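For reference, TrEMBL has these:
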| type | residues | note |
| --- | --- | --- |
| DOMAIN | 80-208 | domain 'TFIID subunit TAF5 NTD2' |
| REGION | 255-309 | region 'Disordered' |
| COMPBIAS | 255-266 | compositional bias 'Acidic residues' |
| COMPBIAS | 278-289 | compositional bias 'Basic and acidic residues' |
| REPEAT | 337-378 | repeat 'WD' |
| REPEAT | 410-445 | repeat 'WD' |
| REPEAT | 452-483 | repeat 'WD' |
| REPEAT | 494-535 | repeat 'WD' |
| REPEAT | 536-569 | repeat 'WD' |
| REPEAT | 578-610 | repeat 'WD' |
Amino acid sequence: IGGSVAPVASSSPGVVAAAAVPPGKGGTRAGAAGRCVFARSFRQSHKLLLCGNTFAVGGGVVVEDQPDVSAVLSAYNQQGDPTLYEEYYSGLKNFIECSLDCHRAELSQLFYPLFVHMYLELVYNQHESEAKSFFERFHGDQECYYQDDLRVLSSLTKKEHMKGNETMLDFRTSKFVLRISRDSYQLLKRHLQEKQNNQIWNIVQEHLYIDIFDGMPRSKQQIDAMVGSLAGEAKREANKAKVFFGLLKEPEFDVPLDDEDEEGENEEGKPKKKKPKRDSVGSKSKKQDPNAPPQNRIPLPELKDSDKLDKVMNMKEAARRVRLGPECLPSICFYTFLNAYQGLTAVDITDDSSMIVGGFADSTVRVWSVTPKKLRSVKAAADLSLIDKESDDVLERIMDEKTASELKILYGHSGPVYGTSFSPDRNYLLSCSEDGTVRLWSLQTFTCLVGYKGHNYPVWDTQFSPYGYYFVSGGHDRVARLWATDHYQPLRIFAGHLADVTCTRFHPNSNYIATGSADRTVRLWDVLNGNCVRIFTGHKGPIHSLAFSPNGRFLATGATDGRVLLWDIGHGLMVGELKGHTDTIYALRFSRDGEILASGSMDNTVRLWDAVKAFEDLETDDFTTATGHINLPENSQDLLLGTYMTKSTPVVHLHFTRRNLLLAAGAYSSQ
């Protein structure tokens, strides 16, 4: 069946669900995002077309004028006999349940989108009692992971609800995608045409996009792993674009040996052993990675002398790094925020583990020094003019000892602070808030330098690029924005999610950004042109944590469903599922060399997983990539290396120090 493909319409970022409930980090945030999201309209968000395998997706998002609400809904006019809807649906249900096992799993995917559209069609045409009876009879048959969506749907009982409800109407056409083998599809088509069941056939043609592949039908387990998002699965085409996931070449400079280092080595009696190891750290990244983007693909800031000094320190620390593995697990140091009655909502730790920041629901940002070195501000301008600028210790002299303290409190936001991020050079700090702004703070003066206004609604997360200068933010307006510290306006707007963007992460090479959303998908965006290059579906709840592996090849994602999913970025495939947590996963972090993945959850545990084993022997042949037939290992317990309970502290943040000590943070909750 041929079919023309409609351009993807995108609303302006201003079109969003009414107001967000300002949720706390204790799981309510997920709930609020999830609820206000649902089928912001199942109608347009699942306008699915039927085309064979020849569908090609254009690069960006085509922006059109917003269609009139009534025009969008008018497709529900072509109705059949309202009294027969239950008969149509149960007829199809019986047919699918009686078909062969191999087809049944695939065709069962039709139940949910058809149920929603038939219900909405009845409501739109004002057959309220039939709609109610249809809903009550069949809503129990839907998969458990659609329960929240169905709760929202059950409240739409009148045509007026649909018209005024932006939650119901998503102006971004995204097509509910079903991935079905050609054999199963032919079976369905033959059945519907023989029965002359036009009502269902119309809905299939009008609202569904069926992505047909040649080959074996998928099993129930394979389908269950991939479905569950607001708009069905991703089209296979969506994950075909080339992604440069390799790392950029590090600048070359020598690592000088300190006297102190030499003494230390002599004491151990093995003076020569460390030196070759340190050289290898310097030379490790000298060879260009074949999968890396061109060095100048996006402009990155030049290294300052202080950055080079920091890199040297980093290499020295790396030489003393503990090699982790199943036999050598990291020690974990837990920072518990006690009496945090202000409500801890965000945490970040500097790369060198010297400072920790907390964002709180009382709109404050608090920065602590976790080393003996206290936090000091720069002296006043009058005092600075007296300092000899040529002296070696000028950076020490400009600091005002009178201001030294372990804690600095930053005031400026007018709502809970949901995200914080230190710049790599530790000179700046970002915070984002329910008040719709992202603020940039100086860690020299502990004052606010800029307030970035672009989101009109709560901003859920923000993060600095690993190279500094650029940062990303994501919020309730369903878009992520890329900023540069010296630009007042965003440089890129990443539009495509159907619900709140709940978390954001830069790829280690800074050319890509991953976003997780309450629409239960993860998207990977190209910073250069703003295109979406990967869509990952499989989570059954809003996504709250993302982590790239240090080599840039893999992505780990965690959500309210308590599962950690692992993705191969190059092939665009799910390659693992880690089950064990019983609540939302708010923190994910790979160890410095990528051997271990740590996950932290609202269930008050930190879990350690064997990342090497999870990623070895991957089936990423062409067939798997083409059909999405993924075979996940039945049991993820053999990848679990350890579970560490806190007394009653949900884990909000994880961080590996440069020597692979694991730092965790959260606020003690007395309930």
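Cβ from N, Cα, C; glycine included.
Bear in mind that TrEMBL entries carry predicted annotations, made automatically and left uncurated.
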For this session: Summarise the domain 'TFIID subunit TAF5 NTD2' (80-208) by DSSP state, stating how many residues are helix, strand and coil.
Result: 96 helix, 7 strand, 26 coil
Exercise. Does the repeat 'WD' (536-569) reach the repeat 'WD' (578-610), going by 3 or more CB pairs under 8 Å (6 or more apart in sequence)?
Worked result: yes
Exercise. Which one of these stretches, 410-445, 452-483, 494-535, 578-610, has the most C-beta pairs shorter than 8 Å to the repeat 'WD' (337-378)?
Worked result: 410-445
Seminar exercise, completed: Checked against DSSP, the composition of the repeat 'WD' (536-569) is 0 helix, 20 strand, 14 coil
Problem set entry | Model confidence over the repeat 'WD' (578-610), averaged pLDDT | 94
Seminar exercise, completed: Summed over the repeat 'WD' (578-610), the DSSP helix, strand and coil counts are 0 helix, 20 strand, 13 coil
Exercise. Helix, strand, coil residue numbers for the repeat 'WD' (452-483) per DSSP?
Worked result: 0 helix, 19 strand, 13 coil
Problem set entry | Counts by DSSP class (helix H/G/I, strand E/B, coil) across the repeat 'WD' (337-378) | 0 helix, 22 strand, 20 coil
